[in-house]
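Below is one structure, written out as structure tokens, with a few remarks after it.
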Amino acid sequence: MAEINCTQVTEFSLMGFTEEPVAQVTLFLMFLLIYLFTILGNLGMIALIRASPQLHSPMYYFLGNLAFVDLCSSTGITPKMLVDFMSEKKGIAYVGCVAQVFIFDLFGMTECFLLAMMAYDRYMAICHPLVYPLVMSPKYCFQLVTGSYLMGLTNGMGQTICMSSLSFCGSRVIDLFFCDISPLISLSTSNTTLSRIILTTSASLFGLSSGLIVLVSYVAIVSAILNIRSAEGMRKAFSTCASHITTVSIFYGTSLFVYLKPSSDSSRDDKWAAVVYTVVTPMLNPLIYSLRNKEVKEALRRLTKP
């Protein structure tokens with residue numbers, strides 16, 4: 001009966017980080033700079049890859065798509081967070097919350113699979129260099145990237161449908177800076193059994209499978225590198241994976257911290273871990289690949305040479 005007489009929530013309140021005015025201005029400026037670097041870095045990476053013939057290879061094809069995904073995922077979250085820092089009322093309409101859940105889950109899962117495909121690309125390059133050009137053909141790379149987006153789309157639609165089936169008649173306060181499906185399920189006043197099953201199944205099926213591809217690929221890569229006799233050969237082989245390993249470690253490390261740690265732990269830690277993989281990582285990825293990659297630096301040098 002309570003569910004029948006329920007007045008559906010039309011707006012949610014986002015707790016954010018702090019209510020202190022000075023701290024809010026400081027955080028606004030910090031996240032604004034991060035977002036500007038994210039836009040410039042990822043757009044610059046996409047433009048550089050498209051403009052430089054020497055970067056028209058499978059690894060940089062995946063990297064260009066990763067830059068696009070980072071740009072989209074950050075844009076789905078950061079602008080709203082910046083507005084909230086300067087607003088007294090930190091609210092988001094129900095429709096806007098649904099849109100954020102869709103965008104976050106779409107591009108978040110797409111990034112998981114793109115990172116997995118990049119690990120597979122490095123595995124083929126190091127463990128099977130003779131057949132690498134044949135296997136990693138443009139058509140096959142396109143299929144791998146398309147598959148990554150389809151996995152992300154499936155996850156995004158599943159979580160969005162999951163949210164739209166929930167009723168919110170009680171608390172409307174989300175103790176986070178954006179709409180995520182997990183805290184929304186906790187806020188719901190309807191039966192959340194099916195929603196939790198969908199969330200768990202999606203995380204297990206998609207998240208673990210992409211993580212397993214990364215893990216298996218790098219076990220094979222490390223094994224192959226250890227069999228290289230010359231120290232110089234080992235160094236060169238490892239250098240081709242260093243940027244990707246750094247990106248994977250940051251992305252998966254913070255994601256696992258948030259979604260696998262006990263729910264009784266501090267939510268403040270959750271927020272800052274979420275900041276890393278939703279706001280900071282999209283900025284770091286182009287920096288990691290440009291600062292640690294000789295081919296990218298050489299391509300940039302050629303384009304900027306008078």
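Just so you know, glycine gets a Cβ as well, placed from its N, Cα and C.
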Quiz prompt | Annotated transmembrane segment segment (source TrEMBL; candidates 60-79, 140-159) | solution = 60-79
Quiz prompt | Spatial neighbours of the transmembrane segment (91-118) far in sequence, C-beta under 8 Å, 6+ residues away | solution = 8-14, 59, 62-63, 65-66, 69-70, 72-73, 76-77, 80, 144-145, 147-149, 151-153, 155-160, 163-164, 168, 178-181, 184, 206-207, 210-211, 213-214, 217, 244, 247-248, 251-252, 278
